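S.K.: Sending over a structure as structure tokens; questions will come in a sec.
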Amino acid sequence: MEGFFAAWLFVTGLVVGSFLNVVIARVPEGLSIVRPRSRCPKCGHVIAWYENIPVVSWLALRARCSGCGTPISARYPMVEVLTGLLYFACLRRFGWTYELVPALVLVTLLVPLTFIDLDHWILPFSLTLPGIAAGVLLAIPRGGDALLAAVIGAAGGFLAFRLMEYVGWKVFKKEALGAGDKYLVAMLGAFLSWHALLGILFLASLQGAVVGSLMLALTGRAGPASDAPGDSETPEPTDVAVDPEPTMTWDFTRSGLPLWKRLLLFPVCLLFQPIPDAPLDEEGEEEEWVPGPTNIPFGPWLALAGLEVMLLGPWLGSVLPSNMALLLGAG
Ligand SMILES: [Zn+2]
């Protein structure tokens, strides 16, 4: 019986993964995820229900559209299997307890966020903001302390990344972090509490740096190229840091205010001072940001680290030296 329910959860993961493929394709384009029915992008052939069975249909169709024979990417069944396996891993970690619920919700958010960030270098608010709310709300049944830890996790994660963004802009005169990363960190902090944040940041940076360096050495790029229109035409990414001074600063630190007022207002300034996503060109329109060869999207690494801390936390605590485990919040 145990095995039957585990298999059922895995299959549920496959079906959810099939839906997440739709989310990954449509949310960045601002399209509805409910209507219309999925079609072949090449010939417009409407995908029948029996052609939409996770993994099975992809294999039965031999990875081709039944209308025109256009190859169907192996990423569709991959996302389905990945979601199924992660659902199964959550069950192994938490069993049929309440903790399984927030774990499954987090997986269901992290899978599309990861692939959208890989494809488009964005983390849509339509996923991260409801995600933060869900993380906090799902902490309520755990009791007051856990709810507080979730709220501190969300606020602390956001503020820490906001601070790094600010420092990156001031010191390196460029955008060091994607603007959406702080919302993803806030979401992870809400689901996994502030205890997990340091470990997540450590694992994400370490793994991102190692894999990014390897990819840079092997392929000449640390991250995926963007699909932004004009990416292929523009031979060289235009110098992103053309104008190091943000055009729309609201800078208390340099205004004529007395020092004590500036110090008092500094936290406010951190939170609300706008950091432009891209420098404005002569027409005053934002230039399309094009990822350079050394840029890596941080979202997928944050997502991976969050899953590692959630699913492997106790195991990490048992294999790592105790001071290290404490740092990772697994002690
Ligand atoms: Zn087709």
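Each Cβ is built from the backbone N, Cα and C atoms, and glycine gets one as well.
Among the features that TrEMBL reports, transmembrane segment is placed at 6-27, 96-115, 121-140, 147-164, 184-206. Annotated domain 'Prepilin peptidase A24 N-terminal' per TrEMBL: 11-93, in sequence order. The feature domain 'Prepilin type IV endopeptidase peptidase' is assigned by TrEMBL to 104-212. Residues annotated as region 'Disordered' in TrEMBL: 225-245.
Can you tell me where each of these features sits in the structure?
M.R.: Listed as Cβ neighbours of the transmembrane segment (6-27) (distance under 8 Å, sequence separation of 6 or more from its ends, same chain) are residues 33, 38, 52, 54-55, 75-76, 79-88, 91, 108, 111-112, 115-116, 119, 124, 126-127.
Mapped onto DSSP helix, strand and coil, the domain 'Prepilin peptidase A24 N-terminal' (11-93) counts 46 helix, 4 strand, 33 coil.
Beyond its flanks by at least six residues, the transmembrane segment (96-115) meets 5, 16-17, 20, 23-24, 27, 75, 79, 82-83, 86-87, 90, 123-124, 127-128, 131, 134-135, 138-139, 141-142, 184, 187-188, 191-192, 299-300, 303-304, 306-307, 310 of its own chain at Cβ-Cβ distances under 8 Å.
Listed as Cβ neighbours of the transmembrane segment (121-140) (distance under 8 Å, sequence separation of 6 or more from its ends, same chain) are residues 23, 27-28, 101-102, 105-106, 109, 112-113, 146-147, 149-151, 153-154, 178, 180-181, 183-184, 186-191, 193, 226, 289, 291, 297, 299.
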